[in-house]
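*Asks:* The structure's right below; bear with me while I get my questions together.
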């Protein structure tokens, strides 16, 4: 999903001005921090000072925090939140794919929903994906395509340097516009859902923190460069998806690259969502629930669900914004800081406690602002 949000960063700068540049850096630092404290919750320190990984998933962390209240309540809440966010992400990829195909081939007499069905057909092999290794290879290709898209846009913008002007930046801000910018910028960094699995599959988990530092640093540099050059090029004419500002010949090329990226991105959230549901169902001793046929049925059902919701959900963008404000903020800011405070309270310094509490408050405010704006938008649409 990061690639989709990155294309909206120049539009976010249009509404946030200089504060948007600061926010891109701040969001990188905060998301990197919450990623580290989330992984810290997977470990316990023994008397000899050795760290042992005693939990494997986000669900295990939640259950450990809520075990006095209910042994499985925390895990249920986290799993439902994760699945909702992941499924909404999959649906967004299908909607975006239909939109991109429609814009790339405007002379073909096919509706946008039909294009989404065509994109869905190419995703049918996803039901046969069993391991994260296949997903990781597809994600590598996705990253390569993403780099090509960003490179094309930045290169074109650099050819227009003669018309750049810092006077295009806004100094005054409006609450609703700024809230939209906050959502786009913050959620372009979110990856906490995948971090426990990623860290658990690393050959050397001890390098996780270093990896997280460098990836967020380079993401911050790339996103700042991309957003700044694009906004300086188009200024007040900057559109919600920056590729719509490109000349027609480049727009078609980039749209096809975006389509490839969307289709390659789909397997990761799809695989993660189906694995969560399948593992929850198959925890019992029922052998039927652990059969390959049942796993195939679960994946097929989820695949069909994403298509049906992409086809028939009205005002999906607003619903996605509402869902993202609730689930995205919870998984990225609220829960990691809350769980870290709960599990590590006695071993945290005063500054670490202040940092966790500050992140929680900031995440709550961002979530509240996003919810208010999304609900207001839905009321205006249905009103």
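These residue numbers are counts, starting from 1, taken along the chain as shown.
Every residue gets a Cβ built from N, Cα and C, even glycine.
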*Asks:* May I ask you to indicate which of 44-64, 359-379 is given in TrEMBL as transmembrane segment?
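*Replies:* From TrEMBL, the annotated transmembrane segment range turns out to be 359-379.
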*Asks:* Residues sitting near the transmembrane segment (144-166): Cβ under 8 Å, six or more positions beyond its termini, same chain?
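*Replies:* Distant contacts of the transmembrane segment (144-166): 2-3, 6-7, 222, 225-226, 229-230, 232-233, 235, 242-243, 246-247, 250, 253-254, 257-258, 260-261, 264.
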